[in-house]
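Okay, so TrEMBL annotates it like this:
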type	residues	note
DOMAIN	B:5-119	domain 'Tetrahydrofolate dehydrogenase/cyclohydrolase catalytic'
DOMAIN	B:139-281	domain 'Tetrahydrofolate dehydrogenase/cyclohydrolase NAD(P)-binding'
BINDING	B:G165, B:R166, B:S167, B:I231	NADP(+) binding site
Protein chains: 2
Amino acid sequence: MGQIIKGKPVADAISEELTKEVVELKAKGITPKLTIVRVGANGSDLAYERGALKRCDGIGIATQVVELPEDIIQEDFIKELKKVNEDKSTHGILIFRPFPKQLDESVIKYVIAPEKDVDCFSPVNVAKVMENDSTGYAPCTPSAVIEILKHYNVPMKGKKAVVVGRSMVVGKPVSMLLLNENATVTICHSRTQDMPKVCSEADVLVVGIGKAKMIDSSYVKEGAVVIDVGINVDEQGNLCGDVNTGDCTEKASMITPVPAGVGSVTTSILAKHVVKACKLQNNL
Amino acid sequence: MGQIIKGKPVADAISEELTKEVVELKAKGITPKLTIVRVGANGSDLAYERGALKRCDGIGIATQVVELPEDIIQEDFIKELKKVNEDKSTHGILIFRPFPKQLDESVIKYVIAPEKDVDCFSPVNVAKVMENDSTGYAPCTPSAVIEILKHYNVPMKGKKAVVVGRSMVVGKPVSMLLLNENATVTICHSRTQDMPKVCSEADVLVVGIGKAKMIDSSYVKEGAVVIDVGINVDEQGNLCGDVNTGDCTEKASMITPVPAGVGSVTTSILAKHVVKACKLQNNL
C-alpha cells in the first residue's frame with residue numbers, strides 16, 4: 001500500500017525557509033513584494049489570488065493587486081503592465097491568464113519584465129527553463145512537482161520519468177525540469193501508442209493531461225511514484241485529478257492526492273520566486 | 001540490410017523548391033539575403049561559411065559576410081550586430097559561435113533581431129521551438145533531422161522516438177520538434193541507466209551526444225530508423241558519427257551516414273529559413 005504524499009508539508013517547509021530569508025532581507029531594509037495583475041474577477045482567479053495573498057502575508061512578503069476592468073483595451077493594459085514593470089518596490093509579477101478576447105497574449109508576453117516574471121509568462125523565462133539557466137523562473141506548477149519529489153527524497157538521477165501531457169504550463173516545462181535533475185524523460189500525449197505500457201515503465205510518473213481519473217493501475221509500475229497535476233470535477237461534482245488515486249494506491253509507492261497535493265504547493269513556489277527575484281534585483 | 005539514407009537528396013529537394021520560391025520573390029522585386037557575422041577566421045567556421053554561401057548562391061539568395069576582428073570588444077560587436085539587424089536588405093542573420101572569451105554570448109543573444117535569427121540564437125526563438133510556434137526558427141541541425149525523416153517518409157506520429165543527448169543545439173530542440181510531429185519522445189543522456197535498453201525501444205533513434213561510434217547494434221531495435229547527428233574524428237583521422245554505422249546497418253531499416261548525412265542538409269535548412277524570414281518580413 002503506497003504512501004499518500006500531501007503537498008502541505010512541502011509548502012510548510014518552503015514557507016518556513018522563506019520566512020527566515022524575508023526576516024534577513026527586512027533587516028537590510030528590503031521587503032520583497034508581489035504584484036498580481038488581474039483582469040476582471042473570475043472565480044478561479046480570485047480563489048488562487050486569496051491563496052497567494054495569504055501565503056505571501058504569512059511569509060512577510062508584501063502584496064498588491066492591480067485589478068483591471070474586464071473590457072480593458074490592449075493599449076491600456078500594456079500601459080498598466082509597464083507601470084508595474086517600472087515600480088521599483090515590486091519584485092515579482094503574476095498575471096492571471098487566459099485573458100479576455102481583446103487582449104493579445106502573444107504580444108503582452110513580450111512586455112512583462114522577464115526579471116519580475118515569477119510564473120514564466122515571458123519567452124525569456126521559457127527559454128531559460130529549456131536552457132537550465134538558474135536565473136530564470138519556471139512556471140509554478142511544474143516547479144511544485146520537483147519540490148515535492150525532492151521533499152520526499154524521491155531519486156530522479158538516471159531514473160525513468162514519464163510525463164503525460166505536453167502543455168506549456170505543465171508537460172513541457174516539467175520534462176525540462178526532470179531532465180535538469182538527470183532523469184531519463186519520456187513525454188507522452190494524446191497520440192502516444194499503448195500509453196499504459198509506456199507509463200508502466202516509469203519510476204516517476206507525472207500526469208497533467210486534463211482528463212479526470214484517466215490513469216488507472218494499468219499505467220503504474222509496482223513501486224512507482226505518481227504525481228497528479230490534474231484538477232478536474234468528477235460526475236459527483238467533487239474535485240479529482242487525472243489519476244484514479246484509489247485504483248493506483250496499491251501499486252504506487254507514493255502518490256499525491258487531489259485536492260491537497262501539487263496544488264497546495266504552487267503558492268509557496270510563487271513566494272519562493274518572489275524572494276529569489278527580490279534578491280537578484282538587489283544583487284544579493 | 002538497412003538502407004543508407006543520404007542527406008544530398010533531401011538537400012537537393014529543398015533547394016529545388018526554394019529556387020522556385022526565390023524566382024517568384026525576385027519577380028516581386030524582392031531578393032532574400034543572408035548576412036553571416038563571423039569573428040576571426042577559424043577553419044570550421046570558414047568551411048561551413050563556404051558551404052552556406054555556395055548553397056545560397058545556387059538558390060539565388062544574396063549573401064554578405066561581416067568579418068570582425070578576433071579581438072573585437074563587446075561594445076563594438078554589439079554595434080556591428082545592430083547595424084545588421086537594422087539593414088533592411090538583410091532578412092536572415094547567422095552568427096558563428098562559440099565566441100572568443102571577451103564576447104558574452106548571454107548578453108549578445110538578446111541583441112540579435114529575433115525575426116532575422118535563422119539559427120535559433122535568440123531566446124525568443126528558443127521559446128518558440130518549445131511552444132511549437134511556426135513563426136520561429138529552430139536551429140538548423142535539428143530541423144535537418146526532421147526534414148530527413150519527412151523526406152524518407154518515416155512515420156513519426158505516435159511512434160517512439162528516442163533522442164540521445166540533451167544539448168541546446170541538438171538534443172533538446174530535436175526532442176521538441178519530434179513532439180511537434182506527434183512522436184512519443186524519450187530524452188537520454190550521460191546519466192541514463194541502461195541506455196542500450198532504452199534506445200532499443202525506439203522506432204526512431206536520433207543521436208547527438210558527441211562520442212565517436214558510441215552507439216552500436218545493442219542500442220538498435222530491428223527495423224529502427226537511426227539518425228546520426230554526431231561529427232567526430234576517429235583514431236585513423238577519419239570523420240565519423242556517434243553511431244557505429246557498420247555495426248548498426250544490419251538491424252536498422254534506414255540509417256544516415258557520417259559524412260554525407262545530416263550535415264549535408266543543414267545549409268539547405270539555413271537557406272529555407274532565410275526565404276521564410278524574407279517572406280514574413282514582406283508580409284508574404
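Here the Cβ of each residue, glycine as well, is placed from N, Cα and C on the backbone.
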Out of the binding-site residues B:G165, B:R166, B:S167, B:I231, which are near chain A, with a C-beta less than 8 A away from one of its C-betas?
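Listed binding-site residues passing the 8 Å Cβ cut to A: B:R166.
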By DSSP, what is the split of the domain 'Tetrahydrofolate dehydrogenase/cyclohydrolase catalytic' (B:5-119) into helix, strand and coil residues?
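Taking the domain 'Tetrahydrofolate dehydrogenase/cyclohydrolase catalytic' (B:5-119) as a whole: 57 helix, 19 strand, 39 coil.
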Mind checking which of B:G165, B:R166, B:I231 has the fewest other CB atoms within 10 A of its CB? They're the binding-site residues.
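Result for the binding-site residues B:G165, B:R166, B:I231: minimum number of other Cβ atoms within 10 Å at B:I231.
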For the domain 'Tetrahydrofolate dehydrogenase/cyclohydrolase NAD(P)-binding' (B:139-281), jot down how many residues DSSP puts in helix, in strand and in coil.
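Its residues fall into 53 helix, 26 strand, 64 coil.
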Are there any residues in the same chain, six or more apart in sequence, whose C-beta is under 8 angstroms from the C-beta of B:S167 (NADP(+) binding site), and if so which?
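Set apart from B:S167 (NADP(+) binding site) by at least 6 residues yet with Cβ under 8 Å, we have B:G208.
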Taking the residues B:G165, B:R166, B:S167, B:I231, which the record names as binding NADP(+), find the longest CA to CA distance and state it in Å to the nearest whole number.
16
What is the average pLDDT across the domain 'Tetrahydrofolate dehydrogenase/cyclohydrolase NAD(P)-binding' (B:139-281)?
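97, rounded to a whole number.
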